[in-house]
């Protein structure tokens, strides 16, 4: 099955709404100059919640082909949950994608696999596409338990979903030891885990569902490393962190097919 690559930029807590607007404008100009085909490689940006409305207004007003994503979503529908943002609220803002279970949410906010499962379910129910993030810490990698660990995370996150729901989400493998450290998993490392995650989906549901799910790699993705990573058969895109806050770098990652083999 042919899966459309997705390059998603997670801005984290780096850009404010003004900086985000400028970045999206520069990104759009750069990709237009390159005659980028968004149907061949999809592009999404994930601003912080305070920038969503501003970026959404720009995307809709200028009819840009860049998709809008959010960095988190509540596991609750509505009510007295101070600081939370529901899936329905994000959907009303024109959000398409939402990251759930990012390693920084797990590390700093104590999110568990059960939390991730609940958030993914709420996102799907609201018509959003959750980007379910999984990944291992350095000690797990050194113990050679990384495949077992990440497969376990995916199994926990997807348990209770239907095959149709599972086919409508995106998985992202982010080796925690390679996030913000400058360390990059080799293309072979990325392929090993991404293939294992796809097999886990096949075991949970069926082969057709596994073939439909896009699996991204995230972990210090740079323009210099993206082409080799994207040549792997089970890697369908990238969840880009720091490099996504620079329009030139992010555009170069989006244009990975222009890079020499």
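Here the Cβ of each residue, glycine as well, is placed from N, Cα and C on the backbone.
Features as listed in Swiss-Prot:
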| type | residues | note |
| --- | --- | --- |
| ACT_SITE | 102 | active site, electrophile |
| ACT_SITE | 174 | active site, proton acceptor |
| BINDING | 10, 11, 12, 180, 220, 241, 242 | substrate binding site |
Secondary structure at residue 242 (substrate binding site), reduced by DSSP to three states:
helix
So, three-state DSSP: helix, strand or coil for residue 11 (substrate binding site)?
coil
Using a 10 angstroms cut-off on Cβ to Cβ distances, just flag whichever of 10, 220 is the loneliest among these binding-site residues.
220
Near the residue listed as 'active site, electrophile', which of the recorded positions 11, 174, 220, 241, 242 can be found within 10 Å, Cα to Cα?
174
How many Å lie between the Cα of residue 220 (substrate binding site) and the Cα of the residue listed as 'active site, proton acceptor'?
9
Provide, as an integer number of angstrom, the distance between the C-alpha atoms of residue 10 (substrate binding site) and the residue listed as 'active site, proton acceptor'.
12
Calculate the distance in Å between the alpha carbons (Cα) of residue 174 (active site, proton acceptor) and residue 242 (substrate binding site), and round it to a whole number.
13
